[in-house]
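> Sharing the record's features from TrEMBL:
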{"type": "TRANSMEM", "residues": "21-41", "note": "transmembrane segment"}
{"type": "TRANSMEM", "residues": "47-68", "note": "transmembrane segment"}
{"type": "TRANSMEM", "residues": "75-100", "note": "transmembrane segment"}
{"type": "TRANSMEM", "residues": "112-131", "note": "transmembrane segment"}
{"type": "TRANSMEM", "residues": "143-162", "note": "transmembrane segment"}
{"type": "TRANSMEM", "residues": "182-199", "note": "transmembrane segment"}
{"type": "TRANSMEM", "residues": "206-224", "note": "transmembrane segment"}
Amino acid sequence: MFDVCKNNSQTHSSIMKHINLKYSGIFMLWLMHISGFIGINLGYSDFFLPLSALNLWFIFSLLVFFYPIKKIKQVILFSSIAISGFVVEAVGVATGQIFGEYTYGNNLGLKLADVPIIIGVNWAILSFVTAEIADSIKLKSTYLKALISSGLMLVFDIFIEQSAPRFDFWAFELPSVPLQNYITWFVLAYIFSFAVLKFKSKADTVISFHIYIVQVLFFILFYVF
């Protein structure tokens with residue numbers, strides 16, 4: 001009996017520690033974005049913008065530990081989307097035929113084939129978190145869930161595109177973002193989202209929501225202000 005009580009106590013303690021770590025991570029996530037928004041608007045862009053890649057790697061770590069991504073099929077799926085997203089971007093930059101003519105700047109970290117490595121990872125992050133948000137709506141149709149997920153990803157892209165040149169993330173040759181970019185983004189987002197919805201395991205909706213909403217709000221605020 002005492003062993004059972006001890007085991008229950010240890011389990012409860014482990015759960016509480018996990019919850020505390022998760023919400024500490026969420027707090028840090030919001031703090032980093034709020035600090036970045038304020039700092040950039042106060043004229044400290046040269047300090048904050050080069051930290052953009054580090055911010056995305058932090059988001060990646062939150063996803064790995066609290067989503068979580070620990071089963072082999074999740075690792076394979078995440079890696080497949082990250083690699084696929086990166087390859088598509090590399091071909092797009094090289095040819096100008098997928099998203100339009102564009103080049104990446106210097107504030108998203110280390111590049112390979114003129115594409116920041118974090119870009120492929122970010123494709124996977126967005127696919128996983130938006131798919132989980134869509135899945136939480138409890139619709140029966142995977143096709144409809146994928147539509148919602150890809151719609152959320154498109155909303156994110158629409159707003160980040162407005163700040164991308166200013167932040168030296170990337171820039172299109174045309175004065176405005178071509179419609180081709182949004183169409184391709186949506187199609188790829190739908191494919192990736194559908195794959196996640198078909199093969200993913202149970203995930204944490206709370207961490208997914210915060211990872212998505214903090215980034216969208218960040219770029220909406222820069223668009224508005």
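Including glycine, each Cβ sits where the backbone N, Cα and C put it.
Unlike curated entries, TrEMBL annotations are predicted automatically.
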> Any contact between the transmembrane segment (47-68) and the transmembrane segment (206-224)? By contact I mean 3+ C-beta pairs closer than 8 Å, pairs at least 6 apart along the chain.
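Yes, the transmembrane segment (47-68) and the transmembrane segment (206-224) are in contact.
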> Below 8 Å between Cβ atoms, which of the listed ranges 21-41, 75-100, 143-162, 206-224 makes the most pairs with the transmembrane segment (182-199)?
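It is 143-162 that shares the most Cβ pairs under 8 Å with the transmembrane segment (182-199).
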> Using a Cβ distance cut-off of under 8 Å, indicate which of 75-100, 143-162, 206-224 has the most pairs with the transmembrane segment (21-41).
206-224
> Can you tell me which parts of the same chain pack against the transmembrane segment (75-100), counting only residues 6+ beyond its ends and a CB-CB cutoff under 8 A?
69, 112-115, 117, 119-124, 127-128, 172-174, 177-178, 180-181, 184-185, 188, 192, 195-196, 199-200
